[in-house]
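Undergrad: Dumping what TrEMBL says about this protein:
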type     : residues : note
DOMAIN   : 15-82    : domain 'DNA polymerase alpha subunit B N-terminal'
REGION   : 119-176  : region 'Disordered'
COMPBIAS : 121-136  : compositional bias 'Polar residues'
COMPBIAS : 156-169  : compositional bias 'Polar residues'
DOMAIN   : 222-327  : domain 'DNA polymerase alpha subunit B OB'
DOMAIN   : 345-549  : domain 'DNA polymerase alpha/delta/epsilon subunit B'
REGION   : 573-686  : region 'Disordered'
COMPBIAS : 576-630  : compositional bias 'Basic and acidic residues'
COMPBIAS : 637-657  : compositional bias 'Basic and acidic residues'
COMPBIAS : 664-673  : compositional bias 'Basic and acidic residues'
Amino acid sequence: MAEPERDLEPVTAEAVLRELRLFELRCEGEEVPDKLVELCLSHGLGPVALANELLAFVTSKDLDLQLTPEGLDAFEHEVLAKRGSRGRRGRDERRGLLHDIHSLQELLDKEQEDELLDAYTTPSKGSQKRSNSTPETPRPKRAPASRSPYGLFSPHSFSPSVTPSQKYSSRGGRGEVVASFGSGQGPVWHGRGGCGVTIFGHPEQSLSKPYKSMFQKALDVREALAERVEELGEVLRRHHGLDGFSSAVLPAQEPVTVLGQIGCDGNGKLNTKSVLLVGDREHSGGAEVPLDLSELPEYSLFPGQVVALEGTNSTGRRMVVTKLYEGVPLPFHIPTEPMAEQRMVLVACGPFTPSDSITFEPLSDLLEVVARDRPDVCILFGPFLDAKHEQVELLSPFSDVFRLCLGTIIEGTRSAGSQLVLVPSLRDVSHDFVYPQPPFSFPDLPKQDKARVLLVPEPCVLDIDGVIFGLTSTDLLFHMGAEEISSSSGVSDRFTRILRHILTQRSFYPLYPPSEELNVDLEALAAFAALPVTPDVLVTPSELRFFVKDVLGCVCINPGRLTKGQAGGTYGRLLLRRERPGDRDGDRDGDRDGDRDGDRNGDRNGDRDGDRDEDSTGDRDGDRDGDKTGDFSGDSTGDKTGDRTGDSSGDTTRDNPAENPGDIPRDIPRDAPRSSPCVAAQVVRI
């Protein structure tokens, strides 16, 4: 038996670069040498063999001699993947039958031949083949063309190599509106196909490329946390007119005001007996003190929350809290130019396949909606290839299937002319598992689509014709809801409390320690996951029940997921229309001088009735749908105010950004009437 080809020299970056220099091949970027070593090790090549293959590839393609990461990806896909497919079936047996997209096709063809032979033979009693079906679910007959993995993204059919989900195909209520917000006069849900979409803020404030993670030092993490406490503490001091902060651990018989971060005294979930305050660095030196919340009538706390507290600490060992100073949201963005015309935005979140099948039929149905309604902007959140799907390993190699998926989405939205925004997810099996997450890399993007396709990081802030959108695919509602504790004199809405925390803590992910499901880089979190302004619209997809709410003047929408297990899910759509900035400024100035109290009372009463009707309608539809997720298990950990009923009671009060309007500095949004640019929003069944 012939021995496999191998170089005598060990595979190192220096050895590979030395061989490349013989052919005048150069590397662009620091990550290219590491990628070359990875290719050698992954495909069993030595430095000489890799250099020969690269030279042949560059020469045949008439490419530049400067090697780039994108060029190496194309080289691996077009040359090494095909080279490695020879003799793959023998290696599959040694690797425990792990298949990629090429070997999977061979096995499917072999299985089809076996089925054809079985049709002309009589099975013996001793031979029993393992059946993939039961009497209740007989194996259907499948056309040979539908068995190819490439058929997953066929332009004419999304038929995969497995049986489509019967439950999804037989779903009811298609197109039913299950939650709504804003105008009830029957708005026309159609766009004109395209408008101006950019990433909001300075380019250096947005994550644009991959970065090295898992290199955090304890000192750097502490510095990032301390800076966040100091920054929000200064905002709280100015807003509430506080003289200053005291030490949290020094004995004090008189009430003192302290600054710090909420923490838990153990590894379990936060509760009223385990709450402690991690004091700020300047006044408390980061010392911890347990908190007694028995004297506090209302509160809503979660680990990582930056708070200012007033209370007494007579012994220095426990602080009895008597007052909690609430956080302050950022001001809204005021565009310089008015919106030219009404815009429609469609938002949908993966998974795009049912849990019992790898068919992309839900994605096909969504693309039909896009072609029909022609939204100006179509925002799609991952996961596109869900790492939690039981059959995801059948889609290997993930990078190839992912490219096919994105190509199908881009082609399917081209006729509508919609601006396409793609947001990654930490559940995307083919993307970097780190939060914040860099945007997708798609070098095969056609030139004709480059102007209308925007690949953004997770999370991100968009500017859509002057309307600011906050986007995140991370299920922060579930993560924060499982950790938050609250006490209220009336019926409180947990979703609204969590959304208020996001806006007042000025971060897409203020929870610390983060959920075990996330790999969070805290330095990147401070740099790229902070809110630059209060968004006009906040889109937070979640496994929890869909909703549309107005929180502190920001329209918050959870469009749900496009699939819920084996059944169909929901997507969201919004109508945007903004009046001229001059009209809004004039109204604000007039209300500021004398109508503040009257407008506040009127808005509170009007919003109370509107929110009650709107939320009760959404809850009726949600309950009818049989969504048993409810308000998650976090309600059982300290929430004693009746949150088990969820949103059925609706928002009974208006969320005011300030309690004392007279003390608000100029950079803090005032308690004045504000006309939201989102005039209507709906959650619709797919």
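Even glycines carry a Cβ here, placed using N, Cα and C.
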Undergrad: Have the domain 'DNA polymerase alpha subunit B OB' (222-327) and the domain 'DNA polymerase alpha subunit B N-terminal' (15-82) got at least three CB pairs under 8 Å, pairs 6 or more apart in sequence?
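TA: Per Cβ check, the domain 'DNA polymerase alpha subunit B OB' (222-327) does not touch the domain 'DNA polymerase alpha subunit B N-terminal' (15-82).
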Undergrad: By DSSP, how many residues in the domain 'DNA polymerase alpha subunit B N-terminal' (15-82) are helix, how many strand, and how many coil?
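TA: Grouping H, G, I as helix and E, B as strand yields 50 helix, 4 strand, 14 coil.
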Undergrad: Under DSSP, the domain 'DNA polymerase alpha subunit B OB' (222-327) has how many residues in helix, strand and coil?
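TA: Tallied per class, the domain 'DNA polymerase alpha subunit B OB' (222-327) gives 23 helix, 41 strand, 42 coil.
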